[in-house]
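I'd like to ask you about the structure that follows.
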Amino acid sequence: MAGSHTLGHMAHPPTTPIRVPYEYARSWLLVSAHKPELFAKSAASAADAIIIDLEDAVAPEAKSRARSGVAQWLRDGELSAWVRINDATTKYWADDLVALRGLPGLEGIMLAKVDDGEQVDMTAARMAAGVPIIALIESAVGIEAALDIARRAGTSRIAFGSGDFRRDTGMADDPVAMAYPRSRLTVASRAAGLPPPIDGPTRVADEETLIRQTADAAAVGMTGRLCLRIEQTSVVNTRLAPTPDDIEQARETVIRCATIREPSDVPRLAQARRVLELAGIFGTA
């Protein structure tokens, strides 16, 4: 790539949103709960999933009003989205759950600052049965408890709050430093039978940095990323999806291995079928 590009000038055309199941969702766009003017625009973006943020993006004095506004949108059918709620140790957590319970537009909950599996259990107990919960792990304590968190019945997927984790531990925003916590989440997710985890966001408005950090996440088995800007979503989607070459090679492998004769063909065929499955889900087949 010749030179860096800011996200506002990326040469990525608008795409028609495709409904991607949360297990496979790549781009998770965070939208502040006190900016309802962005809800419809975000929902029409390339993002695989929209998360309305009641936590970090909303000041304490504004949380009640923002919560009521989000609930109204989800109740009236004007919006279908996930909601990031305040963590279970705050006074806002219970009110968030009461306001969101049973709303038709609620796709799921992202629980902030999860440090142990009990916090997921308490959240699941207060929600309607079957509401998926993403556990956002943001501390050293949470990373070390990742397997316990992942194994809780209420946990549907794990996400990495990389910024808060770095502030907690003093680690640098560096792929070597971040390899350990990211790998812990990937291994815990796999061991618990969950989809691969979702990585934290790229905060700078620079395409090269976004691409590089998305590649770092993919290298340790993460298949989703939190996004802070609409312009990031199409880049993340492209970088976390099979390439045209991957798809063509997968088709050739399926044809070649139609009759399996060698043990080495088994994993190749499984991987090829996985690539074609993802291409179908993402609409790139």
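Residue numbers in this text run from 1 along the chain shown.
Heads up, the Cβ atoms here are built off N, Cα and C, so glycines get one too.
Just so you know, TrEMBL annotations are computer predictions that nobody has curated.
Annotations per TrEMBL:
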BINDING   Arg84, Glu138  substrate binding site
BINDING   Glu138, Asp164  Mg(2+) binding site
DOMAIN    26-228  domain 'HpcH/HpaI aldolase/citrate lyase'
Mean pLDDT for the domain 'HpcH/HpaI aldolase/citrate lyase' (26-228), rounded to an integer?
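PLDDT averaged over the stretch: 96.
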About how far apart, in whole Å, are the alpha carbons (Cα) of Glu138 (substrate binding site) and Asp164 (Mg(2+) binding site)?
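So the Cα of Asp164 (Mg(2+) binding site) lies 5 Å away from that of Glu138 (substrate binding site).
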Please report the distance from the Cα of Arg84 (substrate binding site) to the Cα of Asp164 (Mg(2+) binding site), rounded to the nearest angstrom.
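Rounded to the nearest whole number, the Cα-Cα distance is 15 Å.
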Out of Glu138, Asp164, give me whichever of these binding-site residues has the highest number of other Cβ atoms within 10 Å.
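For the binding-site residues Glu138, Asp164, the Cβ with the most other Cβ atoms within 10 Å is Glu138.
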